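Engineer: My questions all concern the structure below.
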Amino acid sequence: MKAAILLAFAGLALLSVICHASENVEQDSFEEVFSAIFAMEDDLKPKERVCRGYGLPCTPEKNDCCQRLYCSQHRLCSVKAGK
């Protein structure tokens, strides 16, 4: 009888260790998934443009509008007429 109880306690201790180890592995996999999601999120953020797009404020002296646009007298990037 004492041996059966001792064996039951040893089995419970072993089961506890196995469950704890599997939780650690599961936690690590969750951390990997979350870090991958956050890494992708950084890639999806809009990049800063080097030039100004249509209708955006600009500075005529800097000529900071994108190709085929010019800085109008209203200090907005506009489409070049002609070519």
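Cβ atoms here come from the backbone N, Cα and C positions, even for glycine.
Pulled the feature table from Swiss-Prot, pasting it below:
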- 1-21: signal peptide (SIGNAL)
- Cys51-Cys66: disulfide bond (DISULFID)
- Cys58-Cys71: disulfide bond (DISULFID)
- Cys65-Cys77: disulfide bond (DISULFID)
- Ala81: alanine amide (MOD_RES)
Engineer: Please give me the recorded positions out of Cys65, Cys71, Ala81 that lie within 10 Å of Cys51 (disulfide bond), comparing Cα atoms only.
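Structural biologist: Within 10 Å Cα-Cα: Cys65.
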Engineer: Compile a sequence-ordered list of residues in the same chain as Cys65 (disulfide bond), six or more apart from it, whose Cβ lies below 8 A from its Cβ; state 'none' when nothing qualifies.
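Structural biologist: Same-chain residues close to Cys65 (disulfide bond) (Cβ under 8 Å, separated by 6 or more) are Cys51, Arg52, Gly53, Leu56, Cys58, Cys71, Cys77.
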Engineer: Measuring Cα to Cα, tell me the gap between the residue listed as 'alanine amide' and Cys66 (disulfide bond) in whole angstrom.
Structural biologist: 15
Engineer: Hey, which of the disulfide-bonded residues Cys66, Cys71, Cys77 is the loneliest by Cβ count within 10 Å?
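Structural biologist: Taking Cys66, Cys71, Cys77 as the disulfide-bonded residues, the minimal 10 Å Cβ count falls on Cys66.
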Engineer: If you count Cβ atoms within 10 Å of each one, which of the recorded positions Cys51, Cys58, Ala81 comes out on top?
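Structural biologist: Max Cβ neighbours within 10 Å, all protein chains included: Cys58.
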